Structures are given as C-alpha cells and as structure tokens.
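Over in TrEMBL, the protein carries these features:
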COMPBIAS  1-46  compositional bias 'Basic residues'
REGION    1-107  region 'Disordered'
COMPBIAS  61-96  compositional bias 'Basic residues'
COMPBIAS  97-107  compositional bias 'Basic and acidic residues'
Amino acid sequence: KKKKKKKKKRKKKRQEKAREGKRRQEKAREGKRRQEKAREGKRRQEKAREKARLCAPAREGKRRQEKAREGKRRQEKAREGKRRQEKAREGKRRQEKAREGKRRQEK
C-alpha cells in the first residue's frame, strides 16, 4: 500500500488574503465616506452662497441707510459745534461790552 500524501495546510495564506481583502474594503469605505463629506461641504457652501446672493440687496440697502444715518449724525455734530462757537463768540462780545461799559463809567 502506498502512503497518502498529506495536503499542506494553506490556512495562513488564506487568513492573510482575507485580512488584505478586509483592509481594502475598509479603505474603500473610508474613501466613500470622505467623498460624501466633501459633497456635503460643497452643498452647504452652495446653500450659503445662494443665501448671501439673495440677501445681498437687503444688506446693501441696510448699509446705505446706516451710511445716511451716520452722515446725518455728523451734520448734527457739526451744527452743534457751530452753535457752541457762536455762543462762545456771543459771550466774548458781552464781556467786551461790559468791559467797555466799565471803562466809560470810570471816565
């Protein structure tokens, strides 16, 4: 009787191949996840851009209003300054008149 040849166990190789397959799958999954994230980011960006585009006219109007308000404020401040200057001049004039009156009284 001939001896039967023992089959070599190829378990290690099979395990290694299985591990490699799993690794590849995981990498593919990760790639898909990244792609999805990028897509989501782009979508959000586009949404924000669209919102900005729609809100731009209103924002421009608000900016103009604010500028007008600021201009009015400045004008008012200038007027106030002029009023103060005028009051000061008036006060000086009065003082001068009073001095003049005193001088006349002394003479």
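Cβ coordinates come from backbone N, Cα and C, glycine included.
These numbers come from a predicted model, not from an experiment.
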Structural state census, the compositional bias 'Basic residues' (61-96) (DSSP three-state): 36 helix, 0 strand, 0 coil
DSSP residue counts for the region 'Disordered' (1-107), split into helix, strand and coil: 96 helix, 0 strand, 11 coil
